Structures are given as C-alpha cells and as structure tokens.
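Student: Starting off with a structure, shown below.
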Amino acid sequence: MTDLTEKNTALEEEKIESAVENQQKSIWKEIFAQGIWKNNPAVVQLLGLCPLLAVSSTATNALGLGLATMLVLTCTNTVISLFRQYIPKEIRIPIYVMIIATTVTAVQLLMNAYTYTLYQSLGIFIPLIVTNCIIIGRAEAFASKNSLLHSIWDGFSMGLGMALSLTILGALREIIGQGTIFEGIENLFGEQAKFLTHHIYHTDSSFLLFILPPGAFIGLGLLLAIKNRIDNIKK
C-alpha cells in the first residue's frame, strides 16, 4: 500500500513538472510570436514610423538601423528589468529615457568606429532611436514588470520583428526603385559580404517614386495588406 502511494505521488509530481515545463515553453513561444508577427512593432503597432519610412530606401540601410534598434531594445530591457525594483515609480520614465539614451550613444559610437559609411548614411536616425516609441513602450509594458530572461527575450523578439519589417520594406523599395538588393552591404558586414549584392534587373534610370518618401508609404501599405490577408486566411 505504501509503495502504491509513493508511486502515485511520484506520478503526480512528474505531471506537475511536465505541466510547468510546457507552460514555460509556451511563454517563450508566445513572446517570440508577439514580437515577430502578432504584435509586430512596425506592421501591427505602427510604431517608429519616422525611421521606418525615412531609412528604408535600401535593404542595407534598413537592416543596419534594424540591427541597431534590436541591440538597443535587448540591452535596455535587460537593464530595466534588472533594476526594476530599485527604480521609483514616480520618476521611472526619465530614468528609462536616460538608460535608453546611454545605450543608443554606445551603439552610435560603435557604428561610427566600425561601420562609418553606414553611420553617415543613417545620420540623425541613429540618435533618434532614443525617442522611438517601441523602446520606451517595451520598457514600460514588459521589462519593468517581468523577469530578466523573459525581458531579454522580449527585447530581442520585438527588435527582430522590427528589423525584419525594415529589411523587407527596404528590399522591396530597392528592388523596384533601383533593380538591386543589398547594394553596399559591405559597409555593414565588410568586403566578405559582397556576395549578397544582386542586380535583379538593369535599368538606365531609377524608379524614383519608390526611392522617395511616397514609395515608403506605398511599400508599408503593401506589407500591411499582405499581413492582414494572411491573418484573415488563418481565421
């Protein structure tokens, strides 16, 4: 009788452990899905439209700013989650901005040192990451209320979602506007990355509409339409 009771207890403990493990896995998957698709900063929340529309004239510029944003999001979420218990609620927003500004300054200096041509191309939009609603939004909505590891994963997922949206929009505009993709990628990853540059078609003149700001709005509209169509099909 005692052996049977012990076996039942062991089975119950295994079930509980398995349920907890499955719950943890589902949390990680849900955070990732929120950042990449369900709550994508660019095509769902429509945040950070200023750099999204201004810098996405080429895939290289878009990818560069996307990676910078992802790095800033991950780092700021990490710091804010780590010190969330010590940040006074009354002055949390100025503290968040100070942490974000410090991180952006570090990223800006790194880009100035190692990817100078891209740094010049992105210009004012690197320091403007400080005012990006995505960064402060994740700090307030997630990092200040959740564990360190979950906050790091949220920052990475949201940043990756933003970087993917930027790069896809940049690639779309570059292909239609100039007939190339990843032109100047060596400015971001070095000469060894030149193989990524492709000429889709050759033209004597560029399609200016897609290179200029109107093309950014048209391209973003297309991405929104495609995403909404996919969501409707899934339903």
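Counting starts with 1 at the first residue shown.
Quick reminder: no glycine exception, Cβ is built from N, Cα and C everywhere.
Okay, these came from Swiss-Prot:
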type: TRANSMEM; residues: 63-83; note: transmembrane segment
type: TRANSMEM; residues: 93-113; note: transmembrane segment
type: TRANSMEM; residues: 117-137; note: transmembrane segment
type: TRANSMEM; residues: 152-172; note: transmembrane segment
type: TRANSMEM; residues: 206-226; note: transmembrane segment
Student: So which of 63-83, 152-172, 206-226 has the most C-beta pairs under 8 Å when paired with the transmembrane segment (117-137)?
Tutor: 63-83
Student: Relative to the transmembrane segment (93-113), which of 63-83, 152-172, 206-226 accounts for the most Cβ pairs at distances under 8 Å?
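Tutor: Highest pair count goes to 63-83.
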Student: Do any residues, 6 or more residues outside the transmembrane segment (152-172), come within under 8 Å Cβ-to-Cβ of it, and if so which ones?
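Tutor: Sequence-remote neighbours of the transmembrane segment (152-172) are 28, 31-32, 34-37, 40-43, 48, 51-52, 55-63, 65-67, 69-78, 81, 134, 138, 142-143, 146, 181-182, 210, 216, 219-220, 222-223.
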Student: Apart from its near flanks, which chain residues at least 6 from the ends of the transmembrane segment (206-226) lie with a Cβ under 8 angstroms of it?
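Tutor: 42-43, 49, 52-54, 56-57, 165, 168-169, 172-173, 176-178.
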